[in-house]
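Notes follow the structure.
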C-alpha cells in the first residue's frame, strides 16, 4: 500500500470491487446476499510502524514502497488514527532535542485506541542505559502534559524498558454495551477499531436466541468471547499464545463476566481432547469437564492458513458454525468440507484494510 493509492474519494469504489470479488469467489456455495461493513475512509488504523531516518540534524519517519523497495518520507499517514498522527510530529521534535533519545533509534511503533490511550515503542541499535530511561521519563511527562495518555517502551537487542505499562486499555461499543479490552504491545489486536466494533455486533446478531454453550477456537484476547457471552449459557474458549491468554483473563475480570472459561491449548490438541484421544493435565488442573458443556455453536477465527482437515471435521459436529476469516482462499477450502453438512445463512465482508486487496470475511453456517 502506497500513499498514492490511498484516496478517500475512491474509497467506495474499492469497497464495491472487493464486495463483487468476494461474492463471485463464493458463488458456488449458494451464499446469501453479502452484508458489507465499511471502514472510515481515513484515520482507521489503530497501530502503525515507521522506520526512523537520520539525515544530518534532521530526523523523520519513512516507509518503503513494497514494489520498488524505495523509501519515502511520512509526515502524515492517512490510514493511522488521528491520535497517532497528532503524536507523530511532537514525538520527533522532542526526540531530536535529545542526543540520548535520538542516538541509534531506528524504528517507532504506535499502538493507539478509540478510548484515547496510546503506547509508543522506540527501537534502538544500541543498549539502553539509565540516562536513556531518565530522558524517556521526561519525554513521557512532556507529552502527557500536552494532553496525551501515553506510555513508552524502549527496545534494543535482548532488552526492554517499560514506562510505565506495556499495554493499552481499549473500550469498544457493541450495541448498548461498552466492553473493556487489554491490548498488549507486540500481540495481536484487531487493527481497525471501528470495523472491529461492527464485527462484534454482527457476531452478536448472528447468535441471538442461541441455546446451550459456545465453543470458541483461536480466541486471542477474548475479543469475540466477551461480546458473545451474553448470548450463551457458557463460553469455552481456546488460545495457544500465553500473552493473549493472560489478556483474555484480565478482560474477563475487567468486564465482570462469569460465564467464560479460557484454556491455553492449540485447536489441534483441543480436537484430540474432545474426541478422547488424549488426556490433558491442564484441563484437570483447571477443573474443566468437557463433557459438562452443551456446545451447539462453535466460533472459529483461525490464522491465515485456515483450519486443518481434522479441525474441520471436528467443527462439522456442531449445529451452528461462525467462521471469521482473514484469508478468503483458505476459507473457501474449508467451506468445501463444511458445506457438505451445513448451509451458509449469513455472509459478510468487513473492510479491515481499505485500499489493499485484503478481505476479512464472516460466514454463519447451520446444519442442513
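Positions of Cβ are set from backbone N, Cα and C atoms, glycine also.
Annotation source Swiss-Prot lists S-adenosyl-L-methionine binding site at 190, 218, 223, 239, 301, citing sequence analysis. Taking a C-beta cut-off of under 8 angstroms and a sequence separation of 6 or more, residue 301 (S-adenosyl-L-methionine binding site) has the following same-chain neighbours: 216, 217, 218, 219, 220, 224, 323, 324, 325.
If you look up Swiss-Prot, you'll see 326 marked as active site, nucleophile, on the strength of sequence analysis. According to its DSSP assignment, residue 326 (active site, nucleophile) is coil.
The feature active site, proton acceptor is assigned by Swiss-Prot to 360, with sequence analysis given as support. Neighbour count (other Cβ atoms within 10 Å of the Cβ, all protein chains): 24 for residue 360 (active site, proton acceptor).
Note on the binding-site residues 190, 223: the fewest other CB atoms within 10 A surround the CB of 190.
Note: the CA-CA distance between residue 190 (S-adenosyl-L-methionine binding site) and residue 326 (active site, nucleophile) rounds to 11 Å. The distance from the Cα of residue 326 (active site, nucleophile) to the Cα of residue 360 (active site, proton acceptor) comes to 5 Å. Looking at the residues that bind S-adenosyl-L-methionine per the record, 190, 218, 223, 239, 301, the two CA atoms farthest apart are separated by 16 Å. Reported as a whole number, the C-alpha separation between residue 239 (S-adenosyl-L-methionine binding site) and residue 360 (active site, proton acceptor) equals 20 Å.
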